[in-house]
Amino acid sequence: MLNWTKCLSSCFKLGKSCEHKNAGFRPNTVRPKLGFWICYNAQSMQAADDLLVKKRIYIQRDYSNGMAVRFQTRFPNELDGKISPEAFAHTISVLNEKYQEAEQMSCSTYCESCMACLTGYLLLMCIDTHYKKVLKSISKYIDDQNNTVYWPKRILIKDPFESGLRSIEIVIFDDN
Amino acid sequence: KSNHFLRNRLFQVFPGRNKFLCDGRIIMARQTGILYFTISLILITVALFFGFECRLTLVTHLPFGFFIPIVCGLLFLFNMGCLLRTAWSDPGIIPRASPEENAYLERCLQDENTHEYRPPPRTLDITINGAPIKLKYCFTCKIFRPPRASHCSMCDNCVENFDHHCPWVGNCVGRRNYRYFFLFVTSLTFLCLFIFGFSVTHIVLLSGLQGGFLEALKISPGRYPFTLLILICFFSIWSVVGLSGFHSYLVGRSLTTNEDIKGTWSKKRNRDNQNPFDQGGLWKNCCYVLCSPLPPSMINRRGFV
């Protein structure tokens with residue numbers, strides 16, 4: 001019974017947030033109404049999945065060294081007893097290093113920018129930039145870590161790029 | 001996957017006030033009227049220059065005159081490329097917080113002051129390279145804005161490294177399109193000076209051939225467009241040169257227009273005020289602003305919701 005009401009309330013919340021998002025928006029093309037309902041149902045199914053989620057925590061950015069992408073390495077209390085602080089610190093520091101590599105000025109990125117500029121930025125339509133390549137390797141690394149370290153403990157780390165590199169979302173699931 | 005055509009893409013439910021073209025590939029502000037005015041002004045000027053000055057006198061009467069249309073054409077293409085890239089790309093919009101993230105943030109803020117019931121503080125004090133900075137909370141996007149980010153009131157989005165909202169290009173100017181904007185302004189300056197210079201050369205040449213300035217104007221078939229051209233160039237040169245000078249100064253100091261107007265790092269108010277985003281030196285700042293690697297767009301406009 002409790003689950004059912006919870007599910008209902010979360011569906012309601014999601015539906016409301018969806019409406020809110022649509023409020024100030026005039027769609028460019030008129031889509032069939034059916035599409036909206038299917039999307040709505042998909043969302044409520046997702047809400048049912050959410051019941052298994054025990055907690056979500058968000059690791060914030062660390063701006064002390066400037067605007068470069070860095071995340072705080074402080075161990076969150078919620079993960080206590082679930083995973084060792086060393087493993088967690090290792091993951092975050094590897095991520096930080098990779099982001100630093102992505103943003104660093106080097107000869108190759110300099111050449112890339114200059115070549116792109118000389119071709120009137122048409123080059124960017126043909127090649128993947130250095131930044132994009134590193135981002136791909138980061139999402140691969142996160143998948144890998146999730147598979148080997150975190151998912152066995154029922155924890156998932158989400159790619160921070162999805163939230164605009166503002167925070168790392170860590171989802172803790174119910175054990176049973 | 002079979003019902004993909006029924007599902008919405010992100011750009012169709014995007015919360016900001018933006019306009020999307022080409023199925024979400026192009027993002028602009030809602031009001032784009034002035035952008036079309038900018039484009040047509042540049043197009044008309046260059047077309048008149050090609051049609052009258054270049055064709056009638058310059059190419060035939062100057063040594064190496066054939067270089068003039070070539071250089072002008074290249075400048076024009078580069079200029080248009082930069083303009084359209086500024087106008088059509090994501091300026092660095094920061095995606096809004098999901099309801100879960102918002103709930104987490106509210107909980108954290110409440111934990112800090114558990115004993116008293118009052119609205120949580122909406123600023124966060126941090127230091128960047130030793131300089132204290134306040135991060136403001138954005139009530140629309142439900143996030144603490146990163147340093148240098150600002151909420152654009154026209155587009156209703158938080159934009160990273162916000163410079164200004166430019167109606168002339170019909171988009172915000174932020175981290176991801178500032179360099180295109182800067183190159184657009186600089187190349188427009190060169191284009192303007194180029195066309196103005198050669199228009200004056202044209203009339204001087206014609207006066208020499210016809211024996212007098214007024215005679216040249218009377219005989220020349222392009223006298224009306226020519227006058228229009230000189231007028232457009234003359235009036236736009238001042239603003240464009242001023243703008244590119246201003247932005248060169250900003251690039252050299254690693255500032256944004258927003259910070260310059262607000263005087264965030266101004267020494268007048270506080271002697272020790274130091275811009276923490278200064279990379280150390282003019283050259284490094286230029287490299288940082290114009291050549292540093294750029295992240296891809298944070299909003300996956302064409303992804304399915």
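Every residue number used here counts from 1 along the chain in the order it is shown.
A Cβ is built for glycine as well, from the same backbone N, Cα and C atoms used for every other residue.
Those TrEMBL annotations? Automatic predictions, nothing curated.
Source: prediction; values computed, not measured.
Annotated in TrEMBL:
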TRANSMEM  B:34-52  transmembrane segment
TRANSMEM  B:64-84  transmembrane segment
DOMAIN    B:134-262  domain 'Palmitoyltransferase DHHC'
TRANSMEM  B:180-206  transmembrane segment
TRANSMEM  B:226-246  transmembrane segment
Overall pLDDT of the domain 'Palmitoyltransferase DHHC' (B:134-262), taken as the mean: 88
Long-range neighbours of the transmembrane segment (B:226-246), counting only residues six or more past its ends (CB under 8 A): 41, 44-45, 48-49, 52-53, 185-186, 188-189, 192-193, 195-196, 199-200, 202-203, 217, 220
For the domain 'Palmitoyltransferase DHHC' (B:134-262), residues assigned helix / strand / coil by DSSP: 77 helix, 19 strand, 33 coil
